[in-house]
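A quick write-up on the structure given underneath.
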Amino acid sequence: MGSQVCQICGDQVGLTVNGEPFVACDVCAFPVCRPCYEYERKDGNQSCPQCKTRYKRHKGSPAISGDGKDNGVNDDDASDLHYSDTQNEKQKVSERMLSWHMNYGRGEDIGAPKYDKEVSHNHIPSLTNGTDVSGELSAASPGRLSVSSLPPGGGEMDQSQFFVNDEARQPLSRKVSVPSSRINPYRMVIVLRLIIISIFLHYRLTNPVPNAYALWLISVICEIWFAISWILDQFPKWLPVNRETYLDRLSLRYDREGETSQLAAVDIFVSTVDPLKEPPLVTANTVLSILAVDYPVDKVSCYVSDDGAAMLTFEALSETSEFARIWVPFCKKYNIEPRAPEWYFCQKIDYLKDKVHPSFVKERRAMKREYEEFKIRINALVSKAQKVPEEGWVMQDGTPWPGNNTRDHPGMIQVFLGQSGGLDSEGNELPRLVYVSREKRPGFQHHKKAGAMNALVRVSAVLTNGPFLLNLDCDHYINNSKALREAMCFLMDPNLGKYVCYVQFPQRFDGIDRNDRYANRNTVFFDINLRGLDGIQGPVYVGTGCVFNRTALYGYEPPHKPKQKKSGFLSSCFGGSRKKSSKSSKKGSDKKKSKKHVDPTVPIFSLEDIEEGVEGAGFDDEKSLLMSQMSLEKRFGQSAVFVASTLMENGGVPQSATPETLLKEAIHVISCGYEDKTEWGSEIGWIYGSVTEDILTGFKMHARGWRSIYCMPARPAFKGSAPINLSDRLNQVLRWALGSVEILFSRHCPIWYGYGGRLKWLERFAYVNTTIYPITAIPLLFYCTLPAVCLLTGKFIIPQISNFASIWFISLFLSIFATGILEMRWSGVGIDEWWRNEQFWVIGGVSAHLFAVFQGLLKVLAGIDTNFTVTSKASDEDGDFAELYMFKWTTLLIPPTTLLIINLVGVVAGISYAINSGYQSWGPLFGKLFFAFWVIVHLYPFLKGLMGRQNRTPTIVVVWAILLASIFSLLWVRVDPFTTRVTGPDVELCGINC
């Protein structure tokens, strides 16, 4: 029982000081850890989740209403609390009284109960106006209590103060499993479906079709691949979880009113390339939402990467910084949401709801007018930038713009806010805003977006060095001003935070048509797949809306968790430790031994080892110190300032550093040759080698043993734009699929990379699925062609089946439907969203995925590279989703168009053949028609996209009109009454031409 897992939060139940397991419920012994037990007693239903028996009060637990004689203190746990023998008796009595009211775990000073989960009292310090903040919480902070805080004579503290500190000591987040009434039937159907698929494939393999052997063989190969693909996609969804965050507890612990905020600093990255495809107004709204975020201003720094070195972006950012001086105080004064002005002012809601300030309407009107003037200025800059002068762009001071040649220019950094003049209209400080354009020279490999992100990592480390990083695409604005606080509930959690590499938020989108014709919202992936991965080792990194632990980006491994005794298979699948230790007391030796088992193909750098090595060498030993410095510079690059920042786990910059020195060093770390002969892009930062650097970067972190968190607040944290045009959407999917193919053929392929590390098996399944899913395009193309071939040739891929065999076919279809229905039931995804996802899986599979496979093979075998295409972020200025109906020709449209035509022709030919052949031919025809209609129905959104806007005649009417007209025409030819007279010859003997 000592190794039991809490069924509420997933942590270890823990032991008492006597080495006995903590038992919350004396009736059924349902595994619940001490924090969850206390939470259930205080804020929950006060009863056991399994047997519903009211919890008894254990020693050290605060009394609650309803505790009586029958629910008194359990004397069996009287030895739960352990106190230091070095304190005098009077202090012991005082602290025992304090512990009685303050729950458990009050730190070493007052004696903490010896659970196997120790609560750290160190917060994460940050840079505040160039001053280092202490690494320990103050005595007045809720994170630490000392004996001196007791009233004279050892009396009790005020009850309200007890409550505040007790609330601050509660967990900052909670993992909530999906109710068993919803998830257990889902799991049963998955297992049942796996059995049915096995029997179905056995039948298909043992019953070939002699007269259509080639068609049968192709269909069986396709079905086997579909089964493998389904297993890789389905089983990582076995353990979905939900998460709750407690922002009030975060504030009580780290951001109490009247005290210096102890929240960690966050560096926010915004990346942009082409201001014509990514309009400056869109980027400006994203930046404004960042500057107005609900977070201490001295802890927020916004870095905008302009990888196109466009003067338009630079000038637009200058205008944005000026408008922020009036926009930010307006947002914080009236607590508006969202804090991107474009989306705030276009909301079709009652903006006066919950607003009580009498001046709000007046100030809102004035602010809207100011924003419209700001838009005019930005639009004027865009209009001016349409025609480039022959001599190039010139800045206001008359000097040429350094980025006139976008492929050959020096590095540029401009601090707009954060130094002198960084105040809003009310005299309050504003967050830092920094423009960055890395150096580019001919002959250097710049690695596109991944290289730009790594440049931002280094610049931010030199200038501010926040311990956490948030990266956003230029069109993804902060929709929930408390998004950073949501992430901090995980990253600053004393127990969980040290193991978390990043917190991923779901992507939500604006400007999508109501029916979401091309599945732009991708709800199935974000609301089902990623929630399933969160129950294993965490979601994959999806490229935006992600808060990183800077330490994880530097290639370090997480701390090793205490050894646990679990079954090997389950622990390796669901997150337990895979390495056993016979003596848990020898933590240091176990730690060193465990590192010997790490796969040599997964370079892991332990921050603790580096620091211990430097300290062990001794600063007096200059030779050893020099060797250590050289080793770090070989890994991180030739910058002593940056290397020093990597050793500061809690962030911050040296107090003695001047802004001029830091800016000079920042220019150095974004030079195009800085990464040469270093481990940037291979083991450190964003990983190179694929246009989908996000998947590769997250995979490397998980392979080192980190876990990630999926956070889904009630109000979406971030919102962005998505291409609603068919051709643009297919090109976007093509880029994603091409990146997956590149990973598949690289050394980082999850099929063979990282064994011996700490990647869980089901997590590996998910990563394998993200890399091989484009390959499914080949069998899918063949399978969608088979119905038309069968209808045109009169053959079929399945022999005549018996009644018993038909049961398995029916069971297979029922299990497919049941899986989808139960999946929608536990996830909350609507049937329309699920169906759109199924349709676009076929549309994208036979077009974009197919081209991605061939382009990937050309790149690997012939070295022919493809250009990275930036997805257009332009807004729908014409209204009414005009872009949705715009037809843009691309070669990606050829395969699905061909499939549509041949299947429609096949349907007409099959029905005409049945009409000519008589009644006995209709039975076999229904099976062929079913598969043909399956293809047509899945490709229906694609057909609507081809036909464009139909103002008067619905597309479905046009399609059915053509289909039925063809059928009735053939039928008329067959039964034309003018071909045979009543008195004529016998048609059965001489035929129609008699």
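Using the three backbone atoms N, Cα and C, a Cβ is placed for every residue, glycine included.
For 3-72, the entry in TrEMBL reads domain 'Cellulose synthase RING-type zinc finger'. Residues annotated as region 'Disordered' in TrEMBL: 42-92, 559-597. Taken from TrEMBL, the feature compositional bias 'Basic and acidic residues' covers 79-92. Summarising the annotation, TrEMBL assigns active site to Asp307, Asp694. Annotation source TrEMBL lists Mn(2+) binding site at Lys449, Asp473. According to TrEMBL, the compositional bias 'Basic residues' annotation covers 577-596.
The subset of recorded positions (Lys449, Asp473, Asp694) lying with their Cα within 10 Å of the Cα of Asp307 (active site) consists of Lys449, given in sequence order. Note on the domain 'Cellulose synthase RING-type zinc finger' (3-72): its mean pLDDT in the predicted model is 77.
For the domain 'Cellulose synthase RING-type zinc finger' (3-72), DSSP puts the residue distribution at 12 helix, 8 strand, 50 coil. All protein chains included, Asp473 (Mn(2+) binding site) registers 24 other Cβ atoms within 10 Å of its own Cβ. Taking a C-beta cut-off of under 8 Å and a sequence gap of six or more, Asp694 (active site) has these contacts in its own chain: Val540, Tyr541, Val542, Gly543.
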